[in-house]
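Here the structure is laid out as structure tokens; the discussion comes afterwards.
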């Protein structure tokens, strides 16, 4: 009987324990089911405007006590608290967006790192010119190799005398539409007093975006780095995130944030149309275009941006604002809205809130200077399996040469210039190009959107050279400059390295990318040599035609 009583008591105790465990399990199951609904409701509440009592200027938990907004910057009706988000793997490497991300790793950059550390935390007083000892290494005995290049006769050829038909704007009549009434040009205000971005626009003509030795260019590059950012908005269209930044002097630029470190190459399984757009590629493309003497890339400069003060706090784009969050490492991150790589998994994170990016000066507004968009004849299929016509037809160029505007004038030669430019960078993403409508068919091609260049230094994509192989045509001035840049005293990689030292984010390219340009330049010259052997020099290398301003019609292509 005693044993029976003890057994019953133990059974009751275990029954209570089992019941308690069952109740706890049910409660946890209900809470797990409710979490997604609560998160969704929280997101909907944020979309409608957060009604939190905490003022955006006070210390918010989500932004850290060190990050506050002034009352003047806070806008009524704006959400003042972000929905909590879980940060997942936002990059290939934990340090991918570290502001000093790769300086210690890069070959030959140790001196520059030590210089930056000694210079203190202030970025406002960082010199635009690179470390002087580094500059001396890549100089000739007589001085800068880059200066010697620009003194070469090939870089001193004068343009034809410009008429009103050859300039994009007439300073006396057109600029008044550009500026506010209080800044409209008068006899008392010389053009030299205009903002540098406006002077850049005024200088655009039929043959170039800017002149070889324009003092405005260097001043504009400094503005891109130093001008205060007053507003930020996402750029519509495109596959990846880009921001439109407006400065205190009313100039504007396109900002592409850093997505990869200098050392990272495009993954081998990536298609060209899903590759990352690299900020350092935009910077390097501008310098390469200038060294090639094309001058068809708008000015680009690198800048270290404070994501809190210079993006989040000045944007009125609520869609952009809502994508900001704090990572588990206490870094400021955002991802915006776009077709590719705009998610928490691919968020752009600062260290803690500083991020690199490229700033490309805007061209004149389309309402003032219309541009025409052309489909590149050698456009790729942008399909995983299909091939474009030029990839299967070796005589494709013969068809192109019979089609306007490639049947006469300089357009086909401009395509060859662009082909060489893209091959040196490894850029496969050239589906369209633009020209200024005012100048008709006889003007240069604008080399826009170069962010997918410099992705693989270990691979030379020979398919980029197909237009040159098929057409066997090149402008004489381009051919002579390529031969010059292949010489030891004017070596392309050395000139690029020296030119890129001027950028705030130097070193912009690692040594393997610089060396790859030398290798690719030799390949271009080999292709042209083969064309000359096959068709003869006079049939391959075409003289630069000085266009008649009255007709602007060049010779027909053979």
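Just so you know, glycine gets a Cβ as well, placed from its N, Cα and C.
Range with TrEMBL annotation region 'Disordered', chosen from 13-44, 45-76, is 45-76.
Per-residue confidence over the domain 'FAM20 C-terminal' (324-540) averages 95 (mean pLDDT, predicted model). One residue stands out among the binding-site residues 361, 363 for having the most other Cβ atoms within 10 Å of its Cβ: 361.
Here the candidates are the binding-site residues 240, 363, 449, and by Cα distance the one nearest residue 429 (active site) turns out to be 449.
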